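Listed in TrEMBL:
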type	residues	note
DOMAIN	62-105	domain 'Rhodanese'
Amino acid sequence: MWLDCTHLRFAQETPFSFIHASYWPSCVTRIHLPTSCFCHSSIQSRLLPAAALSAPASFLAAGEPPVVVDLRPREAFEQCHLSGSSSLPLTSLRARLFELPPPGEWPLTLVGSAAELETARALLLPKGWEFEERHADDSAFWEGAASESGPDSAPLLRPNAFLASALRQVDLPEAGAAIDVGCGSGRDAVFLAQTLGDTWETIGVDNHKGALERAQRLADGCGVSAAFALANVRKQSLSDLTERPISIVHGCRFLDRPLLRALPEVVAPGGLVVWSTFLDGDGPPQAPPFRPSRRLQRGEMEHLFGESRGFEVLRAEEGTLLTRGVWESAQNRDKS
């Protein structure tokens, strides 16, 4: 993965700060007020055959400790497990995939028997996850390992790495409304609610009822207060979702140009926008989305939030993200 950074600042009386990261095939964007900053991170995805098994290499959250997931039955976990690990029995893995960290962003380690690891590998690798494996049925593995017993299981939740990085870089208002657009199963909305606290109203918005039901279960399980709204943001203004000033808008792998153009009028002074979506790379796309209308063009965000609108770019990044998850869809497209 390679990164390139540029900076830009807003010059009006109520400056906006905008951070945007775009991936190929995914992209992220953020906006801040009153200290304006625009960060564009573009990560191009290079396809990796699903059959190629290798140790995790590049992660957006490089340097972070791995998320350790114990696939064994709960009884075995309570008898002995690695310190700081999370219990996610293999029997529940498929139904709880949305609780795992985003593929390719956070280091991941799986603990289980040889059979459990084999089953998890068949499920996770085609969906883009990379991980290290630890064989719990090997007695040598436990010798000298930091382990403990009991029911305590570490939280699994991790946001997308760019969102976490953006929130660490800016000073946020003490209160406001945070909206996660296209929130899906709620991973980032729940992270926002955890990070911002009770003085904020956190709202996840999506047009998929099943995803919102999973998001609510995730929020309830994490003990945070977050609201989830079934809405089509292509037809409804974000301002209709709350009576509070909207101080954070986040979106990941979602592109609606009219919505982006409206954000300067929606986000309150002192606010932040973080957005991720797909970006055109060099040559034809190797992975979805294939339609040009669903991919940003290089320089498009700078045009939407450039000097003519009072912004200053503070950071721009571009890089490469290896992914297995898109490999199958690309292969199927070639066969059709």
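Positions of Cβ are set from backbone N, Cα and C atoms, glycine also.
For the domain 'Rhodanese' (62-105), DSSP puts the residue distribution at 16 helix, 8 strand, 20 coil.
On the 0 to 100 pLDDT scale, the domain 'Rhodanese' (62-105) averages 89 in this prediction.
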